[in-house]
């Protein structure tokens, strides 16, 4: 009976729990190394989480008096909240108030992690507790390498909570916009950092808890596009030259197939060596990248040339053999040119789809910033009118 009463009382408590909203702001202060092979990136990130605390609200009359005082100074007209200084905020014992219990899921290692809290009162006297994190760490990232080396990667920070989705809701902070500082990007020679931050909400479960207990999660990320010049000039161009040299083997007398095959086999082995070099640049994945497709396509082309040099010896008659060899050269040369064009078209189409999706997110991000700036401008005008009327 006692257990049943305890269970029922706990259920009643859970039903009475009020769902809170926590607003999240993420600033990528500095993005460092992006390791494609080990699938991680290093970043210096600032995270701010704020939530309402009605028990700390100021009375309306006090808020109005404070607003009248603030209107006397021109500089204060541009402020949209009053932040209590850290010295005063120490008087509050934040452990006595509600906390969203934020956790960062994809952190591999931390070199520095600072955490502090402050309290803010907005113009209407509404109180917010603001939790701030300064995090210098290494973050794991599942890289999508199908478009490698023409890929654009998501660099994400996974923010979750130990509370259930019935207790807290994590949302993007639209009043204080997230951002990424591209000027301090450390790997600008290898990557291009896009100036936008995306937010994705999802629900996760933990392996050691009840599957019904779901945790709200926010994935905040920026985008880094790889500069493909190194791989184009040092791998793909060299592989193109090696493949095209197989056409030169047709210049060797058809009566010397051993010389033709020797040259072709040398080119094939060179292609295999370049394939190993390419494999050292990406992790062991189960699908092919653009670079894999190009190198494998070139090796298949070399393989077919080798097969032809072995088959042409079976054709009887010098005239028939010479004509077949000439036709084979035309077919191989045309196929080589078509394969290059088809590869370029496939790269452009697939890359454009990914690039357009990122640009779409970037446009939405700029629209949010524009709306926020317009709102702040309008609120400043209203404050100016109120101050002039009071005078």
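For all residues, glycine too, the Cβ spot is worked out from N, Cα and C.
Predicted, not measured: the structure shown is a model, and the values here were computed from it.
Looking at the domain 'Neurotransmitter-gated ion-channel ligand-binding' (83-212) alone, the prediction's average pLDDT is 87. According to TrEMBL, the feature domain 'Neurotransmitter-gated ion-channel ligand-binding' maps to 83-212.
Taken from TrEMBL, the feature domain 'Neurotransmitter-gated ion-channel transmembrane' covers 240-314.
Marked as transmembrane segment by TrEMBL: 230-251 (among others).
Marked as transmembrane segment by TrEMBL: 263-282 (among others). Long-range neighbours of the transmembrane segment (263-282) within the same chain, counting only residues 6 or more positions beyond its ends whose Cβ lies under 8 Å from a Cβ of the stretch, are 36-37, 145, 148-149, 231, 235, 238-239, 242-243, 245-246, 248-249, 252, 289, 291-292, 295-296, 298-299, 302-303, 305-306, 309.
Look at TrEMBL and you will find 294-322 (among others) tagged as transmembrane segment. If one looks beyond the transmembrane segment (294-322) by at least 6 residues along the same chain, the residues whose Cβ comes under 8 Å of a Cβ in the stretch are 235-236, 239-240, 242-243, 246-247, 249, 254, 257, 260-261, 264-265, 267-268, 271-272, 274-275, 278, 288, 328, 332, 335-336, 339, 343.
Sequence-distant neighbours of the transmembrane segment (328-352) (same chain, 6+ residues past either end, Cβ-Cβ under 8 Å): 146-147, 150, 240, 243-244, 246-247, 250, 290, 293-294, 297, 301, 304-305, 308, 312. Taken from TrEMBL, the feature transmembrane segment applies to 328-352 (among others).
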(message) What residues elsewhere in the chain lie close to the transmembrane segment (230-251), defined as a C-beta under 8 angstroms and at least 6 residues from its ends?
(response) 149, 190, 260, 263-264, 267, 270-271, 274, 277-278, 281, 291, 294-295, 298, 301-302, 305, 309, 325, 328-329, 332-333, 336, 340
